[in-house]
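*Asks:* Take a look at the following structure, please.
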Amino acid sequence: MSGVRHVDVGGAQPYRIAIGDGLLRDGAALAEHVRGRHVFVVSDAHVAPLYALRVVDALQAARPDLRCIVSCIPAGESAKTLERFGELVRELADFGATRDACVVALGGGVVGDLAGFVAACWMRGIDCVQLPTTLLAMVDSSVGGKTAVDMPQGKNLVGAFHPPRAVFADTATLQTLPDRELRAGLAEVVKYGAIRDAGFLEWLDAHSEDLLARDADALAEAIARSCAHKAEIVARDPFERGERALLNFGHTFAHAIESEQGYGGLNHGEAVAVGMVCAARLSARLGLASDADATHLESLLTRFGLPVAVPAGLSSPALVARMRLDKKAAAGGLRFILWRGTGQAEIIPNVDEQSVAAVL
Ligand SMILES: NC(=O)c1ccc[n+]([C@@H]2O[C@H](COP(=O)([O-])OP(=O)(O)OC[C@H]3O[C@@H](n4cnc5c(N)ncnc54)[C@H](O)[C@@H]3O)[C@@H](O)[C@H]2O)c1
Ligand SMILES: O=C(O)C(=O)C[C@@H](O)[C@H](O)[C@H](O)COP(=O)(O)O
Ligand SMILES: [Zn+2]
């Protein structure tokens, strides 16, 4: 296969991210990561009909001894629950999956987070291979080993760190992705520029039309650069003891919005876009950065067709209350990822709630 890019994730459990057109058909490469005979493919109602058979056929052509089953969850954030987790582990038990079984997550970040959590828990941890099919999953959720399910009380409240064995991002799958989901992925791409690479933001600015038109080279470049940023951070800080928290830029706001809307309003990428603008405005309010930087970020996100304001009808006190259950909050109060200007994010403890409410 020509033109495949690779990003290696270092650390105690290293793995490789492959990015290229047609990777789901490369059964030999996928099968390399299956140690036993059980393959449990988790996908969703939109992705499974498009791609699941392709993956199973490719795997079985390469390894006729494999036993593959496909479990299909409903599409969307509302499927990322403890209840669905329970169903999937019961299916694994019925399948007779042994400890050398492999969970294959075929889909967006919802499938990736849920299937990854199943892999983290079944027999205290089995292999997981991530096959991301959304831009967001390719640039972010398939990498780094955060797995989780949501609760009504908050996003990703129950989960585990469980790095994948490998990630195969087949960029051909992006051709069937709805526009809204493509734009959601661009929000997390912008995040890398916002937190640590002002030059990347300039590149995104210059290539915004190519990206929205799904130009293959522009998308592959954006994915590879995003993965390289994430790989560098998670290799140094896999368990978010320090700098990994920078990847949460905009997320304290985003998660509060998503949970307050019952996971049926803005999708994750859209909420992150709003959250990043709120974080930039809060930085300006606290005197850390200029309002001009926030305005520049807002205009790039707007160009990508993303929302930049908190949806009408959400109350500031309710959102702030939700932030108290954010995973970065400590007994001492709210901790935010803010910036000192484009490309310079920092962890800021003890942010006062009045300033947050004012920005909301
Ligand atoms: N673990 C992490 O580090 C991490 C990072 C970022 C986000 N996340 C999580 O990821 C989730 C969001 O992921 P997402 O944006 O991929 O959403 P998603 O998984 O809900 O996918 C978005 C929609 O696109 C559909 N879809 C997926 N691939 C498709 C394709 N190729 N063609 C047609 N339709 C397709 C899905 O069925 C779904 O309807 C959130 O739960 C978020 O919390 C996790
Ligand atoms: O990988 C990380 O670390 C991130 O924070 C990436 C985020 O984009 C992602 O949404 C993540 O799931 C948020 O994690 P959480 O710990 O805040 O739930
Ligand atoms: Zn995110």
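Cβ from N, Cα, C; glycine included.
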*Asks:* Looking at Zn(2+) binding as recorded in TrEMBL, which candidate out of His207, His268 goes with Glu188, His251?
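*Replies:* Zn(2+) site check in TrEMBL: besides Glu188, His251, the record includes His268 out of His207, His268.
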*Asks:* Restricting the comparison to the binding-site residues Val111, Thr134, Lys155, which residue's C-alpha is spatially nearest the C-alpha of His268 (Zn(2+) binding site)?
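*Replies:* Nearest listed residue in space: Lys155.
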*Asks:* Using Cβ-Cβ distances, find the residues under 8 Å from His251 (Zn(2+) binding site) that belong to the same chain and are at least 6 apart in sequence, listing them in sequence order.
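*Replies:* Result: Val272, Gly275, Asp326, Ile337.
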*Asks:* When a 10 Å sphere is centred on the Cβ of Val111 (NAD(+) binding site), how many other Cβ atoms does it contain?
*Replies:* 32
*Asks:* Which binding-site residues out of Gly109, Asp113, Leu174, His251 lie by ligand 2, going by a Cβ under 6 Å?
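*Replies:* List returned for ligand 2: His251.
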*Asks:* Over the domain '3-dehydroquinate synthase N-terminal' (72-183), what does the predicted model average in pLDDT?
*Replies:* 98
*Asks:* By a simple count of other Cβ atoms within 10 Å, which of Thr134, Thr176, the binding-site residues in the record, is least packed?
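*Replies:* Checked Thr134, Thr176; of these binding-site residues, fewest Cβ neighbours within 10 Å: Thr176.
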